[in-house]
């Protein structure tokens, strides 16, 4: 029995007392690239295994929300608001009782942009737990019983950098709408400059840094990375590469890659494209059922635990509360 499973069992036994005495914290799951398949049964064994383990984790440890990091519907998104994929890839898969009232905050990936992203946004008015108000947006939370606050900036990295073909091109070439890309980047700069929260997170689909199949996203290394350092961002969360990674740069910015919700890829082909010392953890075992990141933010620190869909704890790291600007 690994330590994570033992912890889950212990906390299950102590659940009544934990409800009263647990350390106040904001807790959430970050999972990317979970979007099933376009043919029956419209989900994969890995997606089902992740849904089951997410439900178990939420039931025992709790979660205030789930952060969806894009590629919500493989391989070409959804066609309209009535697309059956909403039901068969999302609602019917993440259906455990423990998940029914947990909100999802959603952003789009490159495969979503091959379909109708506006329909995913509009679905927010139909589903009680699907929250996707606009292509990019800001979330604000307070840790219960404290004055400690958390901001999360949800980006559309596809409109920022351009779409990418997983088979023909590893890098997004250019944004389709340059004006929209500039608008989003300007919005983010202003938001980060004004952010006074104790923790500031940014989330998008494409990675800034990755050692895997797609590698670092040149557009984000050039345009986003300097903003993360300048404005003291705690961490950047993403998917796109189908594995789990944690990287940290010389400025202390954490890079949480959680793209193992539906596929697993062991590739390390871009390991030499990432600066020495950045990579702290990588997991892409082909026979694995995938996994996700579980984040807990307290008044003192932010903890990120990578969990395999089998229930095994793979890696854990901590990031400090940032100094108030």
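Cβ coordinates come from backbone N, Cα and C, glycine included.
These come from Swiss-Prot:
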type	residues	note
BINDING	33, 71, 74, 242	Fe cation 1 binding site
BINDING	71, 110, 205, 240	Fe cation 2 binding site
DISULFID	161-219	disulfide bond
CARBOHYD	116	N-linked glycosylation site
CARBOHYD	147	N-linked glycosylation site
SIGNAL	1-21	signal peptide
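Other Cβ atoms within 10 Å of the Cβ of residue 116 (N-linked glycosylation site) number 18 in total over all chains. When the CA atoms are compared, the recorded positions lying within 10 A of residue 205 (Fe cation 2 binding site) are 33, 71, out of the candidates 33, 71, 219, 242.
Among the recorded positions 71, 110, 116, 147, 240, the residue whose Cα lies closest in space to that of residue 161 (disulfide bond) is 110.
Taking the Cβ of residue 240 (Fe cation 2 binding site) as reference, residues of its chain lying under 8 Å away and at least six apart in sequence are, in sequence order, 32, 33, 70, 71, 109, 110, 205, 206, 207, 210, 214, 217, 257, 259. Cα to Cα, residue 74 (Fe cation 1 binding site) and residue 116 (N-linked glycosylation site) are separated by 12 Å.
Most Cβ neighbours within 10 Å, among the disulfide-bonded residues 161, 219: 161 holds that distinction in the structure as shown. Long-range Cβ proximity for residue 147 (N-linked glycosylation site), meaning a same-chain Cβ under 8 A and a gap of 6 or more residues, is found for none. Neighbour counts were taken at the CB atom with a 10 A radius for the binding-site residues 74, 110, 205, 242; the maximum falls on 205.
Within 8 Å of the Cβ centroid of the Fe cation 2 site, not counting the listed residues 71, 110, 205, 240, the chain contributes 32, 33, 69, 70, 108, 109, 111, 112, 157, 158, 206, 239, 259. Within 8 Å of the centroid defined by the CB atoms of 33, 71, 74, 242, the record's Fe cation 1 site, lie the Cβ atoms of 32, 34, 35, 70, 109, 111, 239, 240, 259, 261, 262, 263, excluding the listed residues themselves.
Between the CA atoms of residue 116 (N-linked glycosylation site) and residue 242 (Fe cation 1 binding site) there is a gap of 23 Å, rounded to the nearest whole number. Note: the CA-CA distance between residue 242 (Fe cation 1 binding site) and residue 219 (disulfide bond) rounds to 20 Å. Around residue 71 (Fe cation 1 binding site), a 10 Å sphere centred on its CB holds 28 further CB atoms from the protein chains shown.
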